[in-house]
Amino acid sequence: MDKRILEGFAAEFIIRLLLFGIFLISETMHPFERVIQPEEMWLYRNPYVVSDRIPTNSMFLISFLTPLSVVALARLFWKADGTDSREAGLAASLSLALNGIFTNTVKLIVGRPRPDFLFRCFPDGQESPGLHCTGDPELVIEGRKSFPSGHSSFAFAGLGFTALYLAGKLRCFSPCGRGHSWRLCASLIPLLCAIAIALSRTCDYKHHWQDVVVGAFIGLFFAFLCYRQYYPSLVERDCHQPYRNKGRMSGAQERKLSTPGYSLDV
């Protein structure tokens, strides 16, 4: 690997470590304690579900490992080179890191109670005057981090990126790839999984529907933003190649054109 490329990759890796560090710090911070009005109490009286359909650890594994697995499969079946794998890994990791920071920042500022907040606050169901919680302090703090849904945003940041990467590799929207329904269906599978993960949070009474919808938009936004930082538009003919590959090819062509005695075939 070229020394300049290696140094650039090291810098990108350090940036992601810093971003993930900021995300982990934000996980430990306390959210704004929003006042709950009597007329909105019904929104937060849903039962507290101990066993989630998709636990947080499983969500992180799916969101992080799915893009990496698809990138590895692309190298195996589509003969993608090391540059493509590196660029895809950088794009996916940036999407997830930025998504985590922005999602947690909004959570901490808004401080919206979860649908099961009152049962976190009062496990015995007996509400005290002034809403002085008697439940586990950690559960109560987490109960004020409803908006937006982290499960939803991370699922769409990771699986949304995977869908874009697949669409590019299969050239679903480029002139040479349109008209093949199996390509489109294959690229939509990750999005279907992301939707299932997001909706499971409403079934577990961990999020309101607005939390899930906004979380999905945040995740998709960063998935698209980071994908386009490294890959061209899906409607371009060479959408399956990262910008760095295109730049390397252009540089090689320029060197050939500048070689004495070289003639361009028309």
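Every residue, even glycine, has its Cβ placed from backbone N, Cα and C.
Per Swiss-Prot, Asp81 and Gly168 occupy the same side of the membrane [matching topological domain names]. Per Swiss-Prot, the listed range annotated as region 'Phosphatase sequence motif I' is 107-115 (candidates: 107-115, 134-142, 233-241).
Under 8 Å from some Cβ of the topological domain 'Cytoplasmic' (75-89) lie the Cβ atoms of residues 1, 9, 67-68, 165, 169, 230-231, 240-245, 248, all in the same chain and six or more residues away from its ends.
Neighbours of His207 (active site, nucleophile), defined as other CB atoms within 10 A of its CB across all chains, total 29.
Taking the C-alpha positions, the distance from Asp211 (site 'Stabilizes the active site histidine for nucleophilic attack') to His151 (active site, proton donors) comes to 10 Å.
Secondary structure of the region 'Phosphatase sequence motif II' (148-151), assigned with DSSP and counted as helix (H, G, I), strand (E, B) and coil, comes to 2 helix, 0 strand, 2 coil. Away from its own ends, the topological domain 'Extracellular' (26-53) comes close to residues 100-101, 104-105, 107-120, 123, 131, 139, 141, 144-145, 200, 203-206, 208 of its chain (Cβ-Cβ under 8 Å, at least six residues beyond either end).
Per DSSP, the topological domain 'Extracellular' (26-53) is made up of 9 helix, 0 strand, 19 coil.
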